Amino acid sequence: MSHSVKIYDTCIGCTQCVRACPTDVLEMIPWDGCKAKQIAPAPRTEDCVGCKRCESACPTDFLSVRVYLSNETTRSMGLAY
């Protein structure tokens with residue numbers, strides 16, 4: 001099941017999220033849109049298991065990486081509204 005993974009321009013390019021991901025969803029690429037000149041897009045969101053380890057690993061005050069779980073997953077976890 002695919003989840004939505006969003007990388008924000010507050011990314012500092014530290015690679016912590018990339019290293020924390022157990023399914024290699026993230027990878028670092030050059031990007032001029034942030035201070036670090038690199039960002040971790042999520043080219044393989046279909047492999048995301050929704051563990052949010054990337055979020056936990058992010059050292060920025062405003063999480064630069066966010067995982068939005070699909071409706072089915074949030075419903076099964078009892079988190080749906």
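Backbone N, Cα and C atoms are what each Cβ position is placed from, and that goes for glycine too.
Swiss-Prot names CYS48, CYS51, CYS54 as [4Fe-4S] cluster 2 ligands; from the candidate set CYS14, CYS21, the record adds CYS21 to that same site. Cα spacing between CYS51 ([4Fe-4S] cluster 2 binding site) and CYS14 ([4Fe-4S] cluster 1 binding site): 20 Å, rounded to the nearest whole number. Distance noted between the C-alpha atoms of CYS54 ([4Fe-4S] cluster 2 binding site) and CYS14 ([4Fe-4S] cluster 1 binding site) is 12 Å. Per-residue pLDDT, averaged across the domain '4Fe-4S ferredoxin-type 2' (39-68), gives 81. In terms of C-alpha distance, the listed binding-site residues CYS11, CYS14, CYS58 place CYS58 closest to CYS21 ([4Fe-4S] cluster 2 binding site).
Cα of CYS14 ([4Fe-4S] cluster 1 binding site) to Cα of CYS48 ([4Fe-4S] cluster 2 binding site): a span of 20 Å.
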